[in-house]
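> Below are the features I grabbed from Swiss-Prot:
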- H143, D156, D158: Ca(2+) binding site (BINDING)
- R312, D411, N444, I446, Q676: thiamine diphosphate binding site (BINDING)
- D411, N444, I446: Mg(2+) binding site (BINDING)
- K534: ubiquitin cross-link (CROSSLNK)
- K74: N6-succinyllysine (MOD_RES)
- S100: phosphoserine (MOD_RES)
- K401: N6-acetyllysine (MOD_RES)
- K564: N6-succinyllysine (MOD_RES)
- K970: N6-acetyllysine (MOD_RES)
- 1-40: transit peptide (TRANSIT)
Amino acid sequence: MFHLRTCAAKLRPLTASQTVKTFSQNRPAAARTFGQIRCYTAPVAAEPFLSGTSSNYVEEMYYAWLENPKSVHKSWDIFFRNTNAGAPPGTAYQSPLPLSPGSLSAVARAGPLVEAQPNVDKLVEDHLAVQSLIRAYQIRGHHVAQLDPLGILDADLDSSVPADIISSTDKLGFYGLDESDLDKVFHLPTTTFIGGQESALPLREIIRRLEMAYCQHIGVEFMFINDLEQCQWIRQKFETPGVMQFTNEEKRTLLARLVRSTRFEEFLQRKWSSEKRFGLEGCEVLIPALKTIIDKSSENGVDYVIMGMPHRGRLNVLANVIRKELEQIFCQFDSKLEAADEGSGDVKYHLGMYHRRINRVTDRNITLSLVANPSHLEAADPVVMGKTKAEQFYCGDTEGKKVMSILLHGDAAFAGQGIVYETFHLSDLPSYTTHGTVHVVVNNQIGFTTDPRMARSSPYPTDVARVVNAPIFHVNSDDPEAVMYVCKVAAEWRSTFHKDVVVDLVCYRRNGHNEMDEPMFTQPLMYKQIRKQKPVLQKYAELLVSQGVVNQPEYEEEISKYDKICEEAFARSKDEKILHIKHWLDSPWPGFFTLDGQPRSMTCPSTGLTEDILTHIGNVASSVPVEDFTIHGGLSRILKTRGELVKNRTVDWALAEYMAFGSLLKEGIHIRLSGQDVERGTFSHRHHVLHDQNVDKRTCIPMNHLWPNQAPYTVCNSSLSEYGVLGFELGFAMASPNALVLWEAQFGDFHNTAQCIIDQFICPGQAKWVRQNGIVLLLPHGMEGMGPEHSSARPERFLQMCNDDPDVLPDLKEANFDINQLYDCNWVVVNCSTPGNFFHVLRRQILLPFRKPLIIFTPKSLLRHPEARSNFDEMLPGTHFQRVIPEDGPAAQNPGNVKRLLFCTGKVYYDLTRERKARDMVEQVAITRIEQLSPFPFDLLLQEVQKYPSAELAWCQEEHKNQGYYDYVKPRLRTTISRAKPVWYAGRDPAAAPATGNKKTHLTELQRLLDTAFDLDAFKNFS
């Protein structure tokens, strides 16, 4: 904007009437400029006091003067008339160009006006100073807000008072003002709402109102937001006089909620004083805070709230926000109750919950879900986001108006855990946004025993939220009404702008980290003050009694009423005989299981398809279904090759995946594929999103053009995050069993940055929380000389975490043995060697009557390997996933002549067959591929061993001996054959790194393992 600098510029010859007419015609509604009135010719240096953001106020006055010179103070009238006449705005500024003789006479006639200029300059400078003062409070007022309920610490680590905040009258000198200016009246700029209906206020009142808005029990951080509308919205919410008013009914409701929150913790302390419960004492206001957010969101149309939180206060939230039956909570404290045979279970302050009820404030139905989580702080954040995104997707809530998420955090974890940053950066990505999350930080100003000054480098624990321009509302938790107002504004912000917002509840922790911990060892001064601190319930009750809102008997009756509720629930809890984890399910799947939670059958239909369907999908996969769409020439060749494969009734890896996905879409199964570069594929094999070479950002997804009324296909390149994105996809898969949700690592090696999600959620999730999940992990794996970080998906780690017993041979004659195995396992681990088998295992994942995580070690070089092809015949009706692919060559025709039976999995099979052919040993060595590693195919492998009675057994792998599959396979193979024979090893030696970075060394190691595999005398010295 040109701002008022142009006032001192040389003017076009306009009459006053022409000036007003031009202004009224051209003045924009929001952004204003003088460009349509003046020629901007004066250099900026000539009028520095009129430049920058300080010009806003002068600009307002100037527009008012143009419309009616009498509407402004006489001093402003003098200033603008002098400026328009060409007089210099001050002795410090350069004069404009000389005036024409006619204009000079006009200046002469206005002599008294020019003489008044020095006073005008002072007035303008004072007004600009006041505007700067207002802005200083808006930017830095939170630094001096009274946020710590203990009054001994600063909520931010920077304890210095900003120089531009008026903490004493001598600070007025910073702005060129003094005490004599305090009673002067100043016009208020449009960037503040402290005036309410008044457009001007005395300086004393301006400072008082700014202190009330920004320096009391609420500190607002928002001026880093680069959106004027959003900043103005926040200013209005916190600056408008009298905006934080509550009715007596609202105050009574707040008191009742505080009673429930406080008395619940006290009840648990009385009954189980020696039990860990991670109570909420010191931040009891959290419960009414959450209920306020939910109430306001429900009022704005939200009917489903998904929550995630750590252990602190979790039982209280379950009881008083989610409304879990109190007796079910109390049962968790009974050490005599036996657990149902449903899994290993989890501690009570990790459990989740799902509940649908009526919101009493809005009288609307609302569903509340608290996601179960491990002790790993903040790990559940992306899981909650993913589940929220899924629920929005399934109900068509494209703007987040029906489903929302609330995340609770601790101050130390919010600042310290990197997953918080990863999750924030998903918040505005098109395929990951949940259209705004309300974050509530329980800031008890300590992390276990660690002082905040040792726990973070930023002033506040919430500073990470600034990266996504989320407003941050700090509030003193001992002021319940301030907390309620902030939470109401947070809910309104989310409803209005659909962006993240943070509420920082600055509180304290009355006990130690848990109820058994002694905090005085490390925080003696803090806890001396805490011992003196009056509980917030008592403070607020005394306030309301003094205000006449309630009387003492009413308050005591509220306490007695809730105490009675707790006692009655405690009595009912004694009737419970067994603990059921299923009572704590956070993501039920209505209709998928029987009423008692069992699969509706224990069979799986054929995963094959008719040739017509295969051909149709293949034709779409090899074409562009949109007209006037120009694809890359190289991609044209790829599609042409696909078309030729389809004509030859053959599929490669990319086509097999396409056919599996396309057929499930036809059956109404939503498919979501996510990960880094998955749209094209890291190895440029997938190409599920086509890009027009002539039109920027124009894309086509052929998979969404397969069938009329098909389910939608979502394929989305993720941010460069594994931990956050895998957690997100896990949460997405929680919402419905009728979706195939896949996460692909760029290379399998990189999954370990998401190890927490794998170790704490995917592997033990069902055992801990009775929560099935069908997520699929695609992990590119293979030793191909690409170095230690592009070779191994660490299969040994996944296999180590499988829950089957290597020393126990199951009942192989059991009906539906393979399905029962799948039902009993904690996850399925496969390494397919053919595209056809890959096709089948993807389809089986949905056709099974239950859900298990599926870990697939996918190939890299096999994607284009000429032998890694499957015929349509392997994918027709009646076919299915092959857990084991037996030898089908000459060795199988004469099994008595076979000297060695090699077991392997994955890509190494093609190295072995090539070497066997080169050595002409096709009749002496049989090769059996184990495609499904877990659950282990005992039954099929026993048949293979019995087929070759004279053969010695060896396991061959390309991975190092202490890695890969050997330590998992060997004991199970030995159990299969009742330890009748040894199982030898042919592979690389043990190593610390997964692979060498030297190509020659890689090839040498490969040849050595092949030599061992086909040297029939290799193991004689070990017999």
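Cβ from N, Cα, C; glycine included.
Help me see these features in their spatial surroundings.
Classification of D156 (Ca(2+) binding site) by DSSP places it in coil, neither helical nor stranded.
D411 (thiamine diphosphate binding site) carries a helical DSSP state (H, G or I).
Annotation for I446 (thiamine diphosphate binding site): same-chain Cβ neighbours under 8 Å, separated by at least 6 residues, are D411, A412, P452, R509, P519, Q523, M526.
Residues near K534 (ubiquitin cross-link) in space but far in sequence (CB under 8 A, at least 6 apart, same chain): none are found. Secondary structure at K534 (ubiquitin cross-link), as computed by DSSP, is coil.
Around the Cβ of K74 (N6-succinyllysine), 11 further Cβ atoms fall within 10 Å across all displayed protein chains.
When secondary structure is read from DSSP and collapsed to three states, K401 (N6-acetyllysine) falls in the coil class. Sequence-distant contacts of K401 (N6-acetyllysine), defined by Cβ-Cβ distance under 8 angstroms and a gap of at least six in the same chain, are N300, G301, V302, H435, S495.
Around K564 (N6-succinyllysine), a 10 Å sphere centred on its CB holds 10 further CB atoms from the protein chains shown. In the three-state DSSP classification, K564 (N6-succinyllysine) falls within a helix.
Secondary structure at K970 (N6-acetyllysine), as computed by DSSP, is helix. Just so you know, the Cβ of K970 (N6-acetyllysine) picks up 18 other Cβ atoms within 10 Å once every protein chain is counted.
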> Tell me which of the recorded positions K74, R312, N444, K564, Q676 ends up closest to D156 (Ca(2+) binding site) in space, Cα to Cα.
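Minimum Cα distance from D156 (Ca(2+) binding site) across K74, R312, N444, K564, Q676 lands on N444.
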> CA-CA, which of the recorded positions D158, K564, K970 lies nearest Q676 (thiamine diphosphate binding site)?
K970
> Reported as an integer number of Å, what is the Cα distance between D158 (Ca(2+) binding site) and N444 (thiamine diphosphate binding site)?
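Taking the Cα atoms only, D158 (Ca(2+) binding site) lies 17 Å from N444 (thiamine diphosphate binding site).
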> Using the structure shown, find which entry in N444, Q676 (the binding-site residues) has the sparsest Cβ neighbourhood within 10 Å.
Q676
> If you draw a 10 Å sphere around the Cβ of D411 (thiamine diphosphate binding site), how many other Cβ atoms fall inside it, taking every protein chain shown into account?
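There are 25 such Cβ atoms around D411 (thiamine diphosphate binding site).
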> Find the one among the binding-site residues H143, R312, N444 whose C-alpha lies closest to that of K970 (N6-acetyllysine).
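Closest by Cα: R312.
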> Return only the integer: C-alpha distance in Å from H143 (Ca(2+) binding site) to K564 (N6-succinyllysine).
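Between the Cα atoms of H143 (Ca(2+) binding site) and K564 (N6-succinyllysine), the distance comes to 44 Å.
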> Can you tell which of D156, D158 has the most other C-beta atoms within 10 Å, given these are the binding-site residues?
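Counting Cβ neighbours within 10 Å, the top one is D156.
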> Restricting the comparison to the recorded positions K74, R312, N444, which residue's C-alpha is spatially nearest the C-alpha of K564 (N6-succinyllysine)?
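Checked the recorded positions K74, R312, N444; minimum Cα distance to K564 (N6-succinyllysine) goes to R312.
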> For H143 (Ca(2+) binding site), what is the tally of other C-beta atoms lying within 10 angstroms of its C-beta?
22
> How many neighbouring Cβ atoms, not counting its own, are there within 10 Å of the Cβ of R312 (thiamine diphosphate binding site)?
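Result for R312 (thiamine diphosphate binding site): 26 other Cβ atoms within 10 Å.
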